[in-house]
Amino acid sequence: MTDALEVDGLSVRYGGVTAARDVSFTIQPGQSLGIIGANGAGKTSTLKALMGLVPRTVRSVRFGDQDLTRVPGRDMVRHGIGYVPEGRHVFPGLPVEKNLLLGAYTRRWKGATLDTLDEVYELFPILREMRGRLAGALSGGQQQMLAIGRALMSAPRLMLLDEPSMGLSPKLVSDIVGVLKKLNERGLSMLLVEQNAQLTFEVTTECLVMENGAVAMTGTSESLRQNPQVRKIYLGL
Amino acid sequence: MQVFLQTFIGGMSLGAIYALVAMGFSLVYRTMGLVNFAHGSVVMIGAYIASTFYLSVKLPFALAMAVAIGVTGLIGIIIERVLRPLENKDFDLMLIGTIGFGIVLEALAIIIWGATGRAVPSPVPAAPIDLGGLRIRTYDLVVLAIAAAATALLVYFLQRTKRGAAMQAVAMDHQAATAVGIHVGRSNAMAFMIGAGLAALAGGLVGPLLYVSPAMGGLLGIKGFAGAILGGFGSIPGAILGGLGIGVIDSFAAGQFQGYSELVTFLIFTVIIMIRPTGIFGERTVNRA
């Protein structure tokens, strides 16, 4: 039921600086793909550009039999793509539940959407407890859960995650990893952008390594984990 | 005591109108981070349209007001649509653009209605009603009731409807709002439209209290803006309190200092703002990232 996402020739330029150059990849149905790389390697730009949130050039973006090449950012969610931004970006002045419902902005706020809300609350029980609290008053980890929950509310078939581990304690990181694995097992395709290579290898089956805005290496997560160069640079071993 | 209360209620009535203007300023500011300098002129256009349909077309007062709200709402949408290409590109130009729209609207008003202005008779009996010894202008009560109803509607829209929630989301985070599927431009247009509608409501209501003239926009714009700042710019409850506050200060200053009343009002305003620069409810900052 899920579709393959095929991205061909994605580039991002800010002024005279090229943030991402000719990035191409495919995410198979139900697969989780990782993008790792150092700070400034172009991972976040790639993701934002894919989501249509920054100006980009791209040869084509296809999701199953849909052509998303010219779809504006605000309509990506209508094609089944959920987005968890770097730095969480919850709506701080709105209650937790309003944040989640806004994730389902493209759906009607009743029936199946409320079932999804229940599923999100089951996934993150703390959010149910905090449902009336303002999102800005949550801890970093809770905000990350909220950001993931918000993306799930649109019932996406593919979820783009940008640095979900950033600034979280090891305990929370492993909680998030557990949730991501669970979602993936349920058939949700994922694109995970991370500086934390360890985490990425654990959640994904295949990875791109980005350096200076371009894809430097690709391979299965398992083979990359064994790769001496990757071990040295990204795992610090 | 009696004089005190009568002055107070008169001030509340004028303040309710300032509050409507202030809410328009704050709504657009919190959504877009933009001060709409054309807002005062929209109030003036609203006052002219309402009074024209009331006096010349002989529509009932409420209906004339509805027409004014509709037309200015459209003006609000046009202003946003023209300025939209500048958003995220040149914010200063956008600001100057609103000033330009203000000048155009004022010039249009002079062309259509002339430079002299007009007096609008009260739609309700001018005789004051007697409430336990207090003599209150009936029209003041009408103004207060309508302003309260409009405020309640706005709060309901923002708190209880999906589009209202979306508008707040846009105010807090453009990118996250876009990612969940909200059309930011359309949401901004709606904020402008509602702001302009509130301006027309204020303009229509103020007609029987002040003189309707092309220059009235400046005065009401400044008072409404001061109200919004006093309450905390961007805050809706702040705009209400701030507007009422300016109205009451205004009313007492007019009673005590006559010709110097404006000076006194803004002096008090300045002192309060020096003590509390963020205004009464001012804490939040607008995230334009």
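For all residues, glycine too, the Cβ spot is worked out from N, Cα and C.
Noted in TrEMBL for the protein shown:
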- B:6-27: transmembrane segment (TRANSMEM)
- B:34-55: transmembrane segment (TRANSMEM)
- B:61-79: transmembrane segment (TRANSMEM)
- B:91-116: transmembrane segment (TRANSMEM)
- B:136-158: transmembrane segment (TRANSMEM)
- B:191-212: transmembrane segment (TRANSMEM)
- B:224-248: transmembrane segment (TRANSMEM)
- B:260-281: transmembrane segment (TRANSMEM)
Most Cβ pairs under 8 Å with the transmembrane segment (B:191-212), selected from B:91-116, B:136-158, B:224-248:
B:136-158
For the transmembrane segment (B:136-158), which stretch among B:6-27, B:34-55, B:224-248 has the most Cβ pairs under 8 A?
B:6-27
Any residues 6+ beyond the ends of the transmembrane segment (B:224-248) with a Cβ under 8 Å from its own?
8, 11-27, 29-30, 35, 39-40, 43, 151, 154-155, 158, 202, 265-266, 269, 272-273, 278-284, 286
Among B:6-27, B:61-79, B:91-116, which stretch has the highest count of C-beta pairs below 8 Å with the transmembrane segment (B:34-55)?
B:91-116
